[in-house]
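Student: Before anything else, here's the structure in question.
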């Protein structure tokens, strides 16, 4: 297919990787270690919640689901980044780029919706404690998780064909580590204001809407806590929310900075650093934040590690 003097590129080249062999080796080591910690930490959370009966409550069910989504979210791009770091030719096909973008945005959006679901769970637990077991049943929890993942993928699936139907410039270089929306849109040679507007609408639905739900939930939570007569009860309520708020700040801060800006304000170097934060930093910090804050989680992980160590010795 041809648009004027521009043709559809069948292959893209990533230009953000270091050319110096020493820097490539250091990059591979750093990203590889971070990815190993991400997988280990999130898998430990999923396994611990599954095996420990006392953690079979909505709060930990949502935490386990968040860890599962983040395993998928990072698996879409990080192994490809590691492979490209060592390869001399850092290319990706048009189909591969489309697939990577769709699933990266899909799982990233699901992550945002799950954080909103976790805020709603805390709202029900603190503001309606007596009705909590009736409202947050297992069926409701499963439906909320499935709805988060399906909605995220539903928002991302049209993006691939929509963006890659545009004509690209003859220079196939992507100033990034992977196929993300801003660097791909910068390669478009046609007038793409309408497409940029629709991408912004999709980003608003995936980022701003869940954030609004989180803010609303916490507004009700703060109101309920301020009405509590017991100071200890208020501190306990805020303690269960502090980990979630930390994760929300990291996730939404980076995502809003990347996707809720006009294309003219994007800077390749700056965007590359921010992208490393939300594909490596946030998934790495999530297990640390939640395990440090929740003593039940720490105890369950210790049990899992003790059992595995015991079985290896046996």
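Glycine is treated like the rest: Cβ placed from N, Cα and C.
Bear in mind that TrEMBL entries carry predicted annotations, made automatically and left uncurated.
As listed in TrEMBL for this protein:
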DOMAIN    41-290  domain 'G-protein coupled receptors family 1 profile'
TRANSMEM  25-47  transmembrane segment
TRANSMEM  59-81  transmembrane segment
TRANSMEM  101-120  transmembrane segment
TRANSMEM  132-157  transmembrane segment
TRANSMEM  197-226  transmembrane segment
TRANSMEM  238-260  transmembrane segment
TRANSMEM  272-292  transmembrane segment
Student: Do any residues, 6 or more residues outside the transmembrane segment (101-120), come within under 8 Å Cβ-to-Cβ of it, and if so which ones?
Tutor: 59, 62-63, 65-66, 69-70, 72-73, 76-77, 144-145, 147-149, 151-153, 155-157, 159-160, 163, 178-181, 184, 206-207, 210-211, 213-214, 217-218, 244, 247-248, 251-252, 255, 278
Student: Could you name the stretch, out of 59-81, 132-157, 197-226, 238-260, 272-292, with the greatest number of CB pairs under 8 A to the transmembrane segment (25-47)?
Tutor: 59-81
Student: In the same chain, which residue numbers or ranges, 6 or more beyond the ends of the transmembrane segment (59-81), come under 8 angstroms Cβ to Cβ?
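Tutor: Residues 31, 35, 38-39, 41-43, 45-46, 49-50, 92, 100, 103-104, 107-108, 110-111, 114-115, 117-118, 121-122, 125, 138, 141, 144-145, 148-149, 177-178, 240, 279-280, 282-283, 286-287, 290, 296-297.
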Student: Summarise the model's confidence over the domain 'G-protein coupled receptors family 1 profile' (41-290) as a mean pLDDT value.
Tutor: 85
